[in-house]
């Protein structure tokens, strides 16, 4: 009996699977907060130079001096502002009398509008004007951490197990993410964000594998799609938290502190029996399977366990282009778009399969991006509608590719493979801010790059094998057998 048959024998998608998937998916509510946190933490409010005028000088415009001539009158004020008072101690002529007014940098700092944000890293460390690139750099550094985490945690999970690395990643994000709120400088902030990004990779990769390796073949599509809704709702939660708190330090703590709870209960999660068997820990695997059978109400189960990549290039390109996308309202809109997008993905994955869904969503997102190039900038409603549509297709693609990746790689290297292709996704995320700078060369160039990348990825997706309703492979030999069998049947058909 194969592991797929074994899952059916111990209850298929029963009570254990519902509980298991729910507990692993709950942290996804705050995963969106980590990836999109820069929209609020590094928000850039309207600002201008702080004028080199003291408060007393400014008050002289509105309030006369008293009889002593040294103090401001306590009972009278000017009917109309006396702006000339500001020029009385200045040797420079009024601005309207000069033909060429000389300017200088904001030597006395900046004054920021606080109607949208109370405090951000931009207002705290003056990341404006010549320092403006540092605002985007913080997000690039965070994505660099996600990239490093994909490389490191992918291999560690295949060696030490899914559950241990997942629990550690929760704890790392809880500690370092919360400490980020205490950052006294921009350099320390970026360092802690980098380390937090590493833990985000560990959470995402191990969550996917730990879920998919306990789910029967027939339920993978539904579970994969429904799990992604946690990320969708998380985007709306982030908008609500950002609107409520409006201070970057408080927001940072709010989205990281719950991971202490996730780390605590994760020790009661059940390790992947597939991984245990393939790492010669059959007795532990047997206990896990018996525990699952009991929870699912199956008491008498006869168990015989069987030990179960050349797909990296295609999957990497598909993930590479799934780039990340009034701040509070737009965040809610972009999050809400994911709901119909994921339902569309569910229908397409169920009836059309993985390959068609992946390729179609990538091609459609590219089409929308290219159309938006020709829409005039003053037609903001249409441009925003197209942007939301493109975001929806990209979201459907992302939902598909993570499920697809877990189904294509065999158990023995699933985490390593997913770590590698996730690395490609993070490279795309790091490149996204840099691509936006290209609009200074040609305004349409960023859209051309994004759309072109989606087209190339869609072409690569066409060469991936279909995995709908096919059991998960456990060994590399399983993958090779299926690949060769598929190729032979294709040749025979011709």
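Every residue, even glycine, has its Cβ placed from backbone N, Cα and C.
Taken from TrEMBL, the feature domain 'Major facilitator superfamily (MFS) profile' covers 88-469.
Annotation comment: TrEMBL describes 139-156 (among others) as transmembrane segment.
TrEMBL lists 168-188 (among others) with the feature transmembrane segment. Residues 27, 34, 121, 125, 127, 134, 138, 149, 153, 195-196, 198-203, 206, 248-250, 252-253, 255-260, 262-263, 266 of the same chain sit 6 or more residues outside the transmembrane segment (168-188) yet have a Cβ under 8 Å from a Cβ within it.
According to TrEMBL, the transmembrane segment annotation covers 222-245 (among others).
Counting same-chain residues at least six beyond the ends of the transmembrane segment (251-270), those with a Cβ under 8 angstroms from any Cβ of the stretch are 16, 20, 23-24, 26-27, 30, 33-34, 37, 40-41, 163, 166-167, 170-171, 173-174, 177-178, 180-181, 196, 210, 214, 238, 241-242, 245, 288, 291-292. Per TrEMBL, transmembrane segment is recorded for 251-270 (among others).
Here TrEMBL flags 303-326 (among others) as transmembrane segment.
Feature annotation from TrEMBL assigns transmembrane segment to 332-352 (among others).
Residues annotated as transmembrane segment in TrEMBL: 359-375 (among others). If you look at the transmembrane segment (359-375), the same-chain residues 6 or more away from its ends with a CB under 8 A from one of its CBs are 318, 321, 345, 348, 352, 382-383, 386-387, 389-390, 393-394, 396-397, 400, 444, 447-448, 450-452, 454-455, 457-459, 461-462.
Residues or ranges marked as transmembrane segment by TrEMBL: 417-438 (among others).
According to TrEMBL, the transmembrane segment annotation covers 444-464 (among others).
Summed and averaged per residue, pLDDT over the domain 'Major facilitator superfamily (MFS) profile' (88-469) gives 80.
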